[in-house]
There are 2 protein chains.
Amino acid sequence: MLKQYSFNSLTASDIEQLIARNTDATHAIQDAVSQIIEDVRHRGDQSLRELTLKFDKVDLETLYLGKEDIEALAKTITRDQQRALEIAFQNIHKFHSSQLRRERVVETMPGVECWREVRPIEKVGLYIPGGSAVLPSTLLMLGVPARIAGCKEIVVCSPPQQTGKINGFVAYCLQLLKIEKIYLVGGAQAVAAMAYGSESLPKVDKIFGPGNQFVTKAKSMVQSMTNVSIDMPAGPSEVLVVADHTAQPAFVAADLLAQAEHGPDSQAVLVATSADMIQRVNDELQKQLDVLPRAEIANMALQNSFAVEVNSLQEALDFSNRYAPEHLILETDEWKKLLPSIINAGSVFLGHLTPESAGDYASGTNHTLPTSGYARSYSGVSVDSFVKKITFQHISQEGLTHIGSVVETLAELEGLHAHKNAISIRK
Amino acid sequence: MLKQYSFNSLTASDIEQLIARNTDATHAIQDAVSQIIEDVRHRGDQSLRELTLKFDKVDLETLYLGKEDIEALAKTITRDQQRALEIAFQNIHKFHSSQLRRERVVETMPGVECWREVRPIEKVGLYIPGGSAVLPSTLLMLGVPARIAGCKEIVVCSPPQQTGKINGFVAYCLQLLKIEKIYLVGGAQAVAAMAYGSESLPKVDKIFGPGNQFVTKAKSMVQSMTNVSIDMPAGPSEVLVVADHTAQPAFVAADLLAQAEHGPDSQAVLVATSADMIQRVNDELQKQLDVLPRAEIANMALQNSFAVEVNSLQEALDFSNRYAPEHLILETDEWKKLLPSIINAGSVFLGHLTPESAGDYASGTNHTLPTSGYARSYSGVSVDSFVKKITFQHISQEGLTHIGSVVETLAELEGLHAHKNAISIRK
């Protein structure tokens, strides 16, 4: 089932190949996206209407739904479903609320006070994928930290359903977030509209959210073309599961399949301390695949996945850190000991009863995470992603006497005399 | 001297123009940088030697200096200069040490525990500009937070002096930072080497540091071509000074000139509550320019700068937030009242005795800051820039009973049955 390797017999270049992600040369996509961006930039709403007709097959009169529409749609889902979304909302809110704290003032020298204060990014744009897989959970994962940060304007874009509306789950999440408008625009055109603004859509300062290759390419292009920033670069989703002899093969297989069903380009990696465990997981994969509605997609993803046999949990972590997975699941009794060894990962799931799907939806952590090895240098989305930390400083007369000559000396050695004079003139 | 506008008579489009930064279409630069990147990528050290000979006119045998060279060079500066660098180091260290704190575990539901832990980015690359303006202060501003974060490998690149070495100030800072090697490579080729690695230079996970247009373009290109990330996009440096009737025109002028001397494309903006203050600052600018060594550069930058007369400090802050300056100086007795109104700025200097040059060198705050309006969505460099915050979660048997059905309901409504099964199989 899963291609199988033994860590001991891998060369350095084998490992390089295993940890490399699929990167496709997407010139065709780049050209198409570039055209869309230019068109939206110059023709605004008119272009958005035409592109929505072309790609989503919906002819829109107004490009958004307002409060009443959202209220009506939110009523179309069951009370149980509402309740589940509410609990997810509460848990995400509770966890993310803990992320921002007031920082103290540091007196670096007598009379020289420095500190940081948090300010929201004023205008943020949230892209919520639509079409076949509508993801209300993504709206909660982006909307909750945006609200906690205090962003003044939260622009939400999502492609319209065939009805010209959105589904009830997304509508209910909008209500939970107290967002009263949603723009019915998807794809690269949504990203372009948020980057440049149109008659209906406000330009934003930062764009968040996952999407298909067109959305991803558009985000990366507007990042380099405008002064709008983006949450992070995005690639296909991935999981790495570490399993030792205490692992339950059925649980491991279920977790690998939960990743694999996302899309044919998803990657599910198993790192196990014995060949026997890999065999047992493979057997379970086959069994569970047989009854899975999205079996075809999952199967394609598994072709693209692999298992590595290692000699110890430490070796498993070594490989994992090199791979830098978006999701890391440690299915071992020994998880506590391993925590300090985890260096590169987006989000980590500990023990036998902590599946990734808990964090995907409802435990409270964010599911917008760095993929494709970006976990080496990026964190997942958090309240931090929706704020700036501004440094402030105040120097008193006393402070100036302490720091003045230091600054003068340093400015002089860098040959910047006006910098020096800004001190001297005040003394 | 400074072009002068009155806020009241500005139209919306006038303001758009004033807050827009110079963005030059740099296709020539892009092509040159693209060639350099490809050459370094394919020919490694050999290419780095050739490009260093071409651009820096230095023929290098080895591409770096080691511990002994650094020690010897560090001895060539005076004790006073060493002392000034030490104090700057200490203040920067003290302030940045306060930026990382352990976060608490949040139990979002009974038995569902979520938290974040900080991990260093393992391999970071610091670019220190060289040539005519060598900036040891930049090495401290990047090296100190990298050390506090605990980065395992800190790769420093700086173009060689004509001697084939580095200057003593940079050497002394390397010693303070306990960095025992510096690569004598500058420009786009340094960025390419850190992004792809070469025989001598290790590939890094994230590249930091300011530089000329070639360096900046190279950073933005490797960001989109590889999975190496960068600190932030960079543009010319800028300051916005708010002055009311309590301001000292001589101090204001000194601060504007300290910005202007950076380069002809720097921008120094004055926002004053009276035309009279603008006049008096203009007079002072002329007076101080006359005795400034870098007067020619400063003069060119002032051509590119302007003053805005406003009716109140609140109006001044409104304009400042729209401009989103890298540096904001509030030369008014009323600075304390204004703090909550500051939304978009990189670093803020408060009162009459807090010149920007204090923060540029020695007060403790970082001088690597967002320019060109990026302060709307970016923070300056801090220890945060050198770490990831990884989320962890652990769910107990009790936790699973609380969260299980919520996850199952949400997975089902998104049509992801393997996600649901990862819960069900554990119940």
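Using N, Cα and C of the backbone, Cβ positions are placed for all residues, glycine too.
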Residue among A:His93, A:His96, A:His327 sharing the substrate site, where TrEMBL lists A:Ser237, A:Gln259, A:His262, A:Asp360, A:Glu414, A:His419 as binders: A:His327
Extra residues within 8 Å (Cβ to Cβ centroid of A:Tyr127, A:Gln189, A:Asn212), NAD(+): A:Pro129, A:Cys157, A:Pro159, A:Gly186, A:Gly187, A:Ala188, A:Ala190, A:Val191, A:Gly211, A:Phe214, A:Val215, A:Ala218
Shortest C-alpha distance to A:Gln259 (substrate binding site) - which of the recorded positions A:Tyr127, A:Gln189, A:Asn212, A:Glu326: A:Glu326
CB within-chain contacts under 8 A for A:Glu414 (substrate binding site), separation at least 6: none
Site with most surrounding Cβ atoms, counting all protein chains shown within 10 Å, from the binding-site residues A:Gln189, A:Asn212, A:Ser237, A:Gln259: A:Gln259
Which of A:His262, A:His327, A:His419, all binding-site residues, has a Cβ with the fewest other Cβ atoms inside 10 Å: A:His262
Taking residues A:Tyr127, A:Gln189, A:Asn212, which bind NAD(+) in the record, the widest Cα spacing (Å, whole number): 12
Subset of binding-site residues A:Tyr127, A:Asn212, A:His327, A:Glu414, A:His419 within reach of chain B (CB-CB under 8 A): A:Glu414, A:His419
Closest of A:Tyr127, A:Gln189, A:Asn212, A:Glu326 to A:Ser237 (substrate binding site), Cα positions, recorded positions only: A:Glu326
